[in-house]
Amino acid sequence: MTISTLLLSPNRRLLTCLSRVPSPWLLHSSHPAPGPPGALPNCFGHHCTKRVLLSDGFRRTLCVQATLKDHTEGLSDKEQRFVDRLYTGLVKGQRACLAEAITLVESTHTRKRELAQVLLQRVLALQREQELRNQGKPLTFRVGLSGPPGAGKSTFIECFGKMLTEQGHRLSVLAVDPSSCTSGGSLLGDKTRMIELSRDMNAYIRPSPTSGTLGGVTRTTNEAIVLCEGGGYDIILIETVGVGQSEFAVADMVDMFVLLLPPAGGDELQGIKRGIIEMADLVVITKSDGDLIVPARRIQAEYVSALKLLRRRSEVWRPKVIRISARSGEGITEMWDTMREFQHQMLASGELAAKRQTQHKVWMWNLIQENVLEHFKTHPSIREQIPLMERKVLSGALSPGRAADLLLKAFKSRH
């Protein structure tokens, strides 16, 4: 009797007996999932083949395997070896492979982006298997950090990150660095402001230029998060430039959104958009030391009162306001305890898992919008008309809305 026949058998006692058979026998007797040469024991193919006999979810597992096969069929031998090398090195925790993989997903070259999607599909499949073994709960914690310039984000991350690595965590910091709209250049200076943390072998800091994207969050931030998690980093910090739309973009990528604010004078609440405060799961008043302790306490009280008037986004969590000092270390431990409390409550209620699923849909639609716009602009029939339409809009001959309608009609007529 073949394995496929046994899978269709209604005799669950027989399947239970088979589940006790050592994994190597299963791999030899059944059709193993495609996997990289020399893959690790915990690689995707090994677990999926065993899961076929262990649960009723084998149809979904086989579907994922078929998807992986579809992705790899068009690869040359050289490309397959390249993806295999990156994947194997990534799951082994090799920092060089992680850096190379992030560089691959950041590439604008069409073929390299296709290879990046193959790699991401394999990492996501492994991540899904690990979550299934953890009762469907995420194994990592994603935190978005934002705040106005001068709030002390980099100083805080270094102090906070060192505390986490000393506790045995592996930390990845994705620091989105603003690019020049004129030259496209970027300083990428976050590592120079986190000297001690950048030397820590349990921390990985990756500055990423925005390349002029709106809001300061790169197109590939989601992909970089997944790759860092595949590389064994259990805490991911995403630091944004804090210039408006970046906060809304990063909120669709993280489990917890933390807003860092300095103790300043004047109308503080008027300077922060209401929507940004509503998104915050935790408001942190930084630089609460020395002469700034009194202003920090006043700002804390103002935000506590303000948050009471806002609609809660979670049924189990009410946003809190705390004070910290990265210079003295005061409040850093309490802040981490608050963040862990948030994570535990969201996991227990199931809100965190639901949030991750929603974020995957947002991720997909964001990519669709970006790719459709790129395809529209580069379409031969549209590319020739764009300069003409722009001149007519500037001269007042056409309204922007009318020009857009004409371009869209021309685009539809060619399809």
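Quick reminder: no glycine exception, Cβ is built from N, Cα and C everywhere.
What Swiss-Prot says about this protein:
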TRANSIT   1-62  transit peptide
BINDING   G147, P148, P149, G150, A151, G152, K153, S154, T155, D289, S325, A326, R327  GTP binding site
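In this structure, the binding-site residues K153, R327 were compared by how many other Cβ atoms lie within 10 Å of their Cβ, and the smallest count belongs to R327. Neighbour counts were taken as the number of other C-beta atoms within 10 angstroms of each residue's C-beta; across the binding-site residues T155, S325, the minimum falls on T155.
If you count neighbouring Cβ atoms within 10 Å for each of the binding-site residues G147, P149, the highest count belongs to G147.
A151 (GTP binding site) is surrounded by 22 other CB atoms, counting those within 10 A of its CB over all protein chains shown. For the GTP site, whose annotated binding residues are G147, P148, P149, G150, A151, G152, K153, S154, T155, D289, S325, A326, R327, the maximal Cα to Cα separation is 19 Å.
According to DSSP, P149 (GTP binding site) is assigned to coil rather than to any helix or strand.
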